[in-house]
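**Q** Dropping the structure in here first, questions after.
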Ligand code: BES
Ligand code: ZN
Ligand code: MN
């Protein structure tokens, strides 16, 4: 499968299938030139109410007599004024999924024009295509054959810029798919040591440095919080420090929660859907995927990626309710619920980011079920203390089609996590659960501008990154890459 750009319009490219975007209610205003033969067929279908051009609606048309070997697929773009770069991602993702089910080996489609640059459209099309085409391979005895056709993005006017935009989109989406892959891997095949090794391999592949702190090093550094979370598992915890060095004077730290399995620990979770807790490492997964794409696309800012990795298990050696642990920055945490482990593991990673003199700390985690109650799977919840950084992260998300919704920090919430025996307690209870989770992690950021992104809902959905396939979305990979390129 290859993806190429062409200056010719889609009908002039020799491909087995031409996909044609059609706006809804367009009164004959087609986004591209459509040959007479097909024009008639399309108008006919519209007149008969078979096809309106609604977003993702499709109409298959058999070959016109003039070109017997070729198929045409009309694909709805929705209303012209509402077409965004995210629409393009969705359209090309859909196209990948439709054509995979056919015998078609090559597809040409012109890039729709709209309120975005040709470059953004090409990047989004490439991303949509790869995200839509990707599936988790699974562990079946017999692997299934896949047919992914070649794609020609047609009607390009600025070849050189478009080629760069294409390479960028293919790179970012490939790394996003790597993150998705990690999310699907079960914890017997992806435990802390192995997740850390994934980072080491990625660093070699993409050219960034990677340090892995094992349990001895963690003890030496005084990272009692991450150690506490991991002490119930036969697989000891890891802190991974990845560095992309742009020789810049500013440093962005990305920090991710990497709980390879969250059973809840001694505060055991109920059995229903507990298997889903294999994806409790997708914050760390997003940081890893973003680091790979960042090292390849070289923004002018230093980026440190930190992954707080542990497995939360109940056992004779597990940490228990009532325990008090001390984090790297010296603050103590009373454990009132071992299932609120993410903030505890992240306490060490975030204080380490502050210790490394990051200028901004952006942390992401599958932190609370409560964020699902607020936002469902449609957006990531944000808790932030710095308006400028918050704004930049939200805008980065908007630019790449990832929704982020900010929740408030009010001083009164602080009382909810006061402890009688330690500086903080880890589980304040139901009220404002997503906010207190973020605020507790912020206590370890040392006053550096801090953003917390709760992806418990957005990292794993029934419909995937483009509302098409079930499972891990790889959310925040694109936002982080965009942020690294735009932050100032
Ligand atoms: N990993 C979970 C949060 C989660 C829930 C992620 C559903 C994805 C889907 C987290 O560690 C957790 O258990 N949070 C608790 C916190 C509570 C004990 C304060 C929760 O949300 O119930
Ligand atoms: Zn968890
Ligand atoms: Mn938990």
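Glycine is no exception: its Cβ is also placed from the backbone N, Cα and C atoms.
No curator has checked TrEMBL annotations; they are predicted automatically.
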**Q** Among 280, 323, 359, which residue does TrEMBL annotate as binding Mn(2+) 2 together with 257, 262, 341?
**A** 280
**Q** Return the residues near residue 269 (active site), defined as same-chain residues 6+ apart in sequence whose C-beta is under 8 angstroms from its C-beta, sorted by sequence, else 'none'.
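**A** Residues satisfying the criterion: 262, 263, 277, 339.
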**Q** Helix, strand or coil for residue 280 (Mn(2+) 2 binding site)? Use DSSP.
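**A** Once the DSSP labels are grouped into three classes, residue 280 (Mn(2+) 2 binding site) ends up as coil.
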**Q** Within the same chain, and leaving aside 262, 339, 341, name every residue whose CB is within 8 angstroms of the centroid of the CB atoms belonging to the recorded Mn(2+) 1 site, in sequence order.
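**A** Neighbours within 8 Å of the Cβ centroid, excluding 262, 339, 341: 229, 259, 263, 264, 265, 267, 269, 277, 280, 312, 338, 340, 342.
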**Q** Tell me, how many other CB atoms lie within 10 A of the CB of residue 280 (Mn(2+) 2 binding site), whichever protein chain they belong to?
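**A** Taking all protein chains shown, residue 280 (Mn(2+) 2 binding site) has 28 Cβ neighbours within 10 Å.
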**Q** What recorded positions in 257, 269, 339, 343 place CB under 6 Å from ligand 2?
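**A** Near the molecule: none at all.
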